[in-house]
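Feature annotations, reproduced from Swiss-Prot:
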DOMAIN    50-206  domain 'PPIase cyclophilin-type'
MOD_RES   Lys68  N6-succinyllysine
MOD_RES   Lys68  N6-acetyllysine
MOD_RES   Lys87  N6-succinyllysine
MOD_RES   Lys168  N6-acetyllysine
MOD_RES   Lys176  N6-succinyllysine
MOD_RES   Lys191  N6-succinyllysine
MOD_RES   Cys204  S-nitrosocysteine
TRANSIT   1-30  transit peptide
Amino acid sequence: MMLALRCGPRLLGLLSGPRSAHLRLPAVRACSSGSGSHGSSSSSGNPLVYLDVGADGQPLGRVVLELKADVVPKTAENFRALCTGEKGFGYKGSTFHRVIPSFMCQAGDFTNHNGTGGKSIYGSRFPDENFKLKHEGPGVLSMANAGPNTNGSQFFICTIKTDWLDGKHVVFGHVKEGMDVVKKIESFGSKSGKTSKKIVITDCGQLS
(Lines of atoms letter the chains of each structure in order from A and count residues from 1; the text may use other names and numbers.)
(Lines give C-alpha, C1' and ligand atoms only; values in the text may rest on other atoms or scores of the structure.)
Protein backbone atom coordinates (compact mmCIF):
# COMPACT_ATOMS: atom_id res chain seq x y z
CA MET A 1 0.00 0.00 0.00
CA MET A 2 1.39 3.42 -1.00
CA LEU A 3 0.25 6.51 0.87
CA ALA A 4 1.03 10.09 -0.14
CA LEU A 5 2.11 12.53 2.55
CA ARG A 6 1.30 16.12 1.64
CA CYS A 7 1.75 19.47 3.35
CA GLY A 8 -0.46 21.93 1.55
CA PRO A 9 -0.07 21.54 -2.22
CA ARG A 10 3.52 20.27 -2.02
CA LEU A 11 4.18 16.54 -2.19
CA LEU A 12 6.73 15.64 0.45
CA GLY A 13 7.07 11.93 -0.20
CA LEU A 14 5.47 8.50 -0.41
CA LEU A 15 4.91 6.12 2.46
CA SER A 16 5.25 2.43 1.77
CA GLY A 17 4.34 -0.39 4.08
CA PRO A 18 2.98 -3.92 4.31
CA ARG A 19 -0.24 -4.55 2.41
CA SER A 20 -2.95 -4.57 5.05
CA ALA A 21 -4.48 -2.52 7.82
CA HIS A 22 -2.11 0.40 7.91
CA LEU A 23 -3.91 3.59 8.86
CA ARG A 24 -5.57 4.39 5.57
CA LEU A 25 -5.01 8.10 5.03
CA PRO A 26 -5.66 10.61 2.29
CA ALA A 27 -3.10 13.29 1.51
CA VAL A 28 -2.15 15.34 4.55
CA ARG A 29 -3.26 18.90 3.88
CA ALA A 30 -1.36 20.73 6.57
CA CYS A 31 1.69 20.36 8.77
CA SER A 32 0.90 22.94 11.41
CA SER A 33 0.69 22.05 15.09
CA GLY A 34 -2.57 22.73 16.87
CA SER A 35 -3.02 24.02 20.38
CA GLY A 36 -6.26 22.31 21.28
CA SER A 37 -6.81 21.10 24.83
CA HIS A 38 -9.32 18.67 26.26
CA GLY A 39 -8.94 19.75 29.88
CA SER A 40 -7.60 17.82 32.84
CA SER A 41 -10.76 16.52 34.48
CA SER A 42 -14.11 15.03 33.49
CA SER A 43 -17.42 14.35 35.18
CA SER A 44 -18.75 12.24 32.31
CA GLY A 45 -18.20 8.88 33.99
CA ASN A 46 -16.37 7.62 30.91
CA PRO A 47 -13.63 5.00 31.40
CA LEU A 48 -10.05 6.14 31.95
CA VAL A 49 -7.32 3.80 30.71
CA TYR A 50 -3.55 4.06 30.60
CA LEU A 51 -0.64 3.07 28.38
CA ASP A 52 2.85 2.85 29.89
CA VAL A 53 5.34 3.31 27.07
CA GLY A 54 9.05 2.62 26.67
CA ALA A 55 11.62 3.12 23.90
CA ASP A 56 14.42 0.57 23.51
CA GLY A 57 13.79 -0.58 27.06
CA GLN A 58 13.82 2.90 28.61
CA PRO A 59 10.57 4.21 30.16
CA LEU A 60 8.98 7.22 28.45
CA GLY A 61 6.05 7.62 30.82
CA ARG A 62 2.30 7.08 31.01
CA VAL A 63 -0.47 8.23 28.69
CA VAL A 64 -3.94 8.42 30.28
CA LEU A 65 -6.87 8.31 27.86
CA GLU A 66 -10.56 9.03 28.33
CA LEU A 67 -12.74 6.72 26.24
CA LYS A 68 -15.96 8.31 25.00
CA ALA A 69 -18.29 5.48 25.94
CA ASP A 70 -21.15 7.98 26.07
CA VAL A 71 -20.84 8.54 22.30
CA VAL A 72 -19.24 5.37 20.88
CA PRO A 73 -19.79 2.65 23.52
CA LYS A 74 -18.87 -0.34 21.35
CA THR A 75 -15.60 1.19 20.12
CA ALA A 76 -14.70 2.39 23.61
CA GLU A 77 -15.38 -1.05 25.11
CA ASN A 78 -13.14 -2.69 22.53
CA PHE A 79 -10.22 -0.44 23.47
CA ARG A 80 -10.89 -0.74 27.22
CA ALA A 81 -10.88 -4.54 27.12
CA LEU A 82 -7.73 -4.61 24.99
CA CYS A 83 -6.05 -2.41 27.60
CA THR A 84 -7.02 -4.71 30.47
CA GLY A 85 -6.35 -7.90 28.52
CA GLU A 86 -9.43 -9.46 30.08
CA LYS A 87 -10.29 -11.37 26.88
CA GLY A 88 -6.92 -13.12 26.88
CA PHE A 89 -5.26 -10.77 24.39
CA GLY A 90 -4.54 -7.08 24.12
CA TYR A 91 -2.11 -4.22 23.82
CA LYS A 92 0.46 -5.10 26.49
CA GLY A 93 3.81 -5.79 24.81
CA SER A 94 2.75 -4.41 21.43
CA THR A 95 4.44 -1.53 19.63
CA PHE A 96 3.88 1.88 18.14
CA HIS A 97 4.82 0.59 14.69
CA ARG A 98 4.17 3.75 12.66
CA VAL A 99 4.93 7.28 13.84
CA ILE A 100 4.85 10.35 11.57
CA PRO A 101 5.92 13.64 13.22
CA SER A 102 3.39 16.49 12.95
CA PHE A 103 0.69 13.94 12.19
CA MET A 104 0.06 10.87 14.36
CA CYS A 105 1.38 7.88 16.33
CA GLN A 106 -0.14 4.51 15.35
CA ALA A 107 -0.21 1.32 17.42
CA GLY A 108 -2.41 -1.65 18.29
CA ASP A 109 -1.15 -4.47 16.07
CA PHE A 110 -0.48 -7.00 18.83
CA THR A 111 -0.32 -10.00 16.48
CA ASN A 112 2.14 -8.98 13.74
CA HIS A 113 3.57 -5.74 15.20
CA ASN A 114 3.86 -4.12 11.76
CA GLY A 115 0.44 -2.80 10.82
CA THR A 116 -0.87 -5.95 9.14
CA GLY A 117 -2.57 -7.58 12.11
CA GLY A 118 -4.55 -7.18 15.28
CA LYS A 119 -8.15 -8.07 16.09
CA SER A 120 -11.08 -6.71 18.03
CA ILE A 121 -12.89 -8.26 20.98
CA TYR A 122 -15.85 -8.79 18.63
CA GLY A 123 -13.92 -10.84 16.07
CA SER A 124 -11.49 -9.87 13.34
CA ARG A 125 -13.25 -6.61 12.37
CA PHE A 126 -16.27 -4.56 13.41
CA PRO A 127 -18.27 -1.76 11.73
CA ASP A 128 -17.78 1.99 12.06
CA GLU A 129 -19.98 2.94 15.02
CA ASN A 130 -20.50 6.61 14.13
CA PHE A 131 -18.54 9.71 13.20
CA LYS A 132 -19.98 12.14 15.75
CA LEU A 133 -16.61 12.96 17.32
CA LYS A 134 -14.09 14.87 15.22
CA HIS A 135 -10.32 14.95 14.76
CA GLU A 136 -10.23 18.38 16.36
CA GLY A 137 -6.66 18.64 17.57
CA PRO A 138 -3.65 17.05 19.26
CA GLY A 139 -4.46 14.16 21.58
CA VAL A 140 -7.44 12.80 19.67
CA LEU A 141 -7.70 8.98 19.82
CA SER A 142 -9.09 7.35 16.69
CA MET A 143 -9.38 3.96 14.99
CA ALA A 144 -7.05 2.96 12.17
CA ASN A 145 -8.69 0.97 9.40
CA ALA A 146 -8.29 -0.48 5.92
CA GLY A 147 -11.48 1.13 4.61
CA PRO A 148 -15.10 1.41 5.76
CA ASN A 149 -16.20 -0.98 8.53
CA THR A 150 -12.79 -2.60 9.05
CA ASN A 151 -12.03 -1.64 12.66
CA GLY A 152 -9.90 -4.09 14.61
CA SER A 153 -7.44 -3.13 17.34
CA GLN A 154 -5.18 -0.62 15.59
CA PHE A 155 -5.50 2.98 16.71
CA PHE A 156 -3.71 6.30 16.41
CA ILE A 157 -3.16 9.38 18.55
CA CYS A 158 -3.13 12.65 16.62
CA THR A 159 -0.41 15.21 17.23
CA ILE A 160 -2.14 17.89 15.13
CA LYS A 161 -5.67 18.67 13.98
CA THR A 162 -6.54 16.11 11.28
CA ASP A 163 -10.00 17.14 10.18
CA TRP A 164 -9.64 15.52 6.74
CA LEU A 165 -10.05 12.17 8.55
CA ASP A 166 -13.53 13.11 9.81
CA GLY A 167 -16.13 10.69 8.46
CA LYS A 168 -13.48 8.10 7.62
CA HIS A 169 -12.02 7.10 11.01
CA VAL A 170 -14.00 6.68 14.24
CA VAL A 171 -12.83 9.01 17.03
CA PHE A 172 -13.44 7.39 20.42
CA GLY A 173 -11.38 9.26 23.00
CA HIS A 174 -8.61 11.70 23.82
CA VAL A 175 -5.47 12.08 25.90
CA LYS A 176 -6.25 13.28 29.44
CA GLU A 177 -2.68 13.19 30.76
CA GLY A 178 0.68 12.48 29.20
CA MET A 179 0.65 14.46 25.98
CA ASP A 180 4.34 15.07 26.73
CA VAL A 181 4.82 11.30 26.44
CA VAL A 182 3.03 11.31 23.08
CA LYS A 183 5.44 14.03 21.94
CA LYS A 184 8.36 11.83 23.02
CA ILE A 185 6.95 8.99 20.94
CA GLU A 186 6.54 11.40 18.04
CA SER A 187 10.22 12.40 18.29
CA PHE A 188 11.25 8.85 17.32
CA GLY A 189 9.18 8.89 14.12
CA SER A 190 9.96 9.77 10.52
CA LYS A 191 8.17 10.84 7.33
CA SER A 192 8.02 7.19 6.28
CA GLY A 193 6.54 6.19 9.64
CA LYS A 194 9.51 4.02 10.59
CA THR A 195 10.63 4.58 14.18
CA SER A 196 14.26 5.07 15.19
CA LYS A 197 13.68 3.10 18.41
CA LYS A 198 11.40 0.21 19.29
CA ILE A 199 8.47 1.84 21.09
CA VAL A 200 6.58 -0.63 23.26
CA ILE A 201 3.42 -0.49 25.36
CA THR A 202 5.04 -2.06 28.42
CA ASP A 203 1.87 -2.07 30.50
CA CYS A 204 -1.73 -0.94 30.17
CA GLY A 205 -5.01 -1.15 32.00
CA GLN A 206 -8.02 0.69 33.38
CA LEU A 207 -7.91 3.41 36.02
CA SER A 208 -11.63 4.06 36.42
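Every residue gets a Cβ built from N, Cα and C, even glycine.
Shown here: features listed in Swiss-Prot, placed on the structure.
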{"residue": "Lys68", "record": "N6-succinyllysine", "DSSP class": "coil"}
{"residue": "Lys87", "record": "N6-succinyllysine", "DSSP class": "coil"}
{"residue": "Lys168", "record": "N6-acetyllysine", "DSSP class": "coil"}
{"residue": "Lys176", "record": "N6-succinyllysine", "DSSP class": "strand"}
{"residue": "Lys191", "record": "N6-succinyllysine", "DSSP class": "coil"}
{"residue": "Cys204", "record": "S-nitrosocysteine", "DSSP class": "strand"}
Practice prompt. Using Cβ-Cβ distances, find the residues under 8 Å from Lys68 (N6-succinyllysine) that belong to the same chain and are at least 6 apart in sequence, listing them in sequence order.
Written response: Ser44, Asn46, Ala76, Leu133, Val171, Phe172, Gly173, His174
Fill in: Lys176 (N6-succinyllysine) to Cys204 (S-nitrosocysteine) - Cα separation in whole Å
15
Worksheet item: Given the modified residues Lys87, Lys168, Lys176, which one has the fewest other C-beta atoms within 10 angstroms of its C-beta?
Response: Lys87
Practice prompt. Between the Cα atoms of Cys204 (S-nitrosocysteine) and Lys191 (N6-succinyllysine), find the distance and write it as a whole number of Å.
Written response: 28
Discussion item. Using other CB atoms within 10 angstroms as the count, which residue among the modified residues Lys191, Cys204 scores least?
Written reply: Lys191
Discussion item. If you average per-residue pLDDT over the domain 'PPIase cyclophilin-type' (50-206), what number do you get?
Written reply: 98
